[in-house]
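Colleague: Below are the features listed in TrEMBL for this protein:
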type: BINDING; residues: GLN66, LYS82, GLU103, ALA200, ALA201, PHE202, LEU203, GLU274, ASP289; note: ATP binding site
type: BINDING; residues: GLU103, ASP289; note: Mn(2+) binding site
type: DOMAIN; residues: 164-381; note: domain 'FAM20 C-terminal'
type: ACT_SITE; residues: ASP269; note: active site
Amino acid sequence: RQNEDNEEFLPTGETSIDSYPNWLKFHIGINRYELYSRHNPAIEALLQDLVTQKITSVAMKSGGTQLKLIMTFQNYGQALFKPMKQTREQETPPDFFYFSDYERHNAEIAAFHLDRQVKWICSKRKVEILILDFRRVPPVAGRLVNMTREIRDVTRDKKLWRTFFISPANNICFYGECSYYCSTEHALCGKPDQIEGSLAAFLPDLSLAKRKTWRNPWRRSYHKRKKAEWEVDPDYCEEVKQTPPYDSGTRILDIMDMTVFDFLMGNMDRHHYETFEKFGNETFIIHLDNGRGFGKYSHDELSILVPLNQCCRIRKSTYLRLQLLAKEEYKLSLLMKESLQKDKIAPILYQPHLEAMDRRLRIVLKGVSDCIEKDGYDNVVENDFNPDVNTGTTER
């Protein structure tokens, strides 16, 4: 027991960080520039925890349009569970508005992998290939959940518990409470009681790390007939660039990164974004809530790219990364497929979605090329490799 004490406690009597649960190691690693460092071993371990840790309690998340569950684990970590609503092959119906689209569990998983890096194994060697390498999406993993043992039997949420029923096909179903798709007709049913979903690791509690919510300047109207100002004013970006926090620092470049990220996924639902309050305006945008991505592989929503086309600005590190991912040997779709295969509920994306990403990448690069031709390389591509700038953001 004495040896165990020596391993668990430092001479000061403080607990060693090695003994912390992986979710806490993730929280401690968050800094001004990223949610986690490139080689943080706690992230892979946390992804494993999301899949294997015993679920001790479940409650519905308040707010939002669709059902989400807060799951607490035996090691006191928490994650947001989004259940499967569509098969991999299904596309968003063409008559659906973006604000009434389903939230897809596999989109949350794919967004996390797109945002980070992958160890790519080719026939001769193991190479670490970075995909977008932003590291701004909290860790997400897919999991098969037993609806009886791991949801119904452990929830104290009576409103959730009351919505469980057995379908005519003898499957366990539930629908919870929310503003869209929470009814018997839209119930989530197991086979017979297994359901797959995404589990996204929680960020630190707001009492410990406050977050500021910002209205996205290129927010859509969320109206069936009205258009947003940016949709009718081609010079809208000039107005944005004169408004704090977009008039200084890196925020406008962060918006461009987020624009590229969303366009590659086909995500039209970026109405707000969040930053950590502690770091002020000179910090990254957290890429939260990506469930409405990967809805259509047969259509490229060009309006998502409007911020980039209007502002004609992009980080050099992002531009170089996109150019690399367009090369045949580092093809975006191949790297994504390789990365996603590691998830427990793979395959995550239908092949046409992967091919759509390659097509969209070419559209992004053509847009940047047009901007450079119009305004000149130095006015479009922001050199973020300056040694005077903190390498946490520039060394990618």
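In case you wondered, yes, glycine gets a Cβ from its N, Cα and C as well.
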Colleague: Could you check the binding-site residues ALA201, LEU203 and say which one's CB has the fewest neighbouring CB atoms inside 10 Å?
Modeller: LEU203
Colleague: Starting from the Cβ of GLU103 (ATP binding site), draw a 10 Å sphere and report how many other Cβ atoms land inside it.
Modeller: 25
Colleague: State, in Å as a whole number, the widest CA to CA span among the ATP-binding residues GLN66, LYS82, GLU103, ALA200, ALA201, PHE202, LEU203, GLU274, ASP289 given in the record.
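Modeller: About 20 Å separates the two most distant Cα atoms.
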Colleague: Quick one: pull the CA-CA distance for LEU203 (ATP binding site) versus ASP269 (active site), whole Å only.
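Modeller: Here the two Cα atoms lie 21 Å apart.
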Colleague: Rounded to an integer, what is the Cα-Cα distance in Å between the residue listed as 'active site' and ASP289 (ATP binding site)?
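Modeller: About 9 Å separates the two Cα atoms.
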Colleague: Within its own chain, what residues at least 6 apart in sequence put their Cβ under 8 Å from the Cβ of GLN66 (ATP binding site), listed in sequence order?
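Modeller: The answer is LYS85, TYR102, GLU103, CYS178, SER179, TYR180, TYR181, CYS182, GLY291.
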Colleague: Below 8 Å Cβ to Cβ and six or more residues apart, same chain only. Which residues does that give for ASP289 (ATP binding site)?
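Modeller: Within the chain, ASP289 (ATP binding site) has Cβ neighbours under 8 Å at ASP269.
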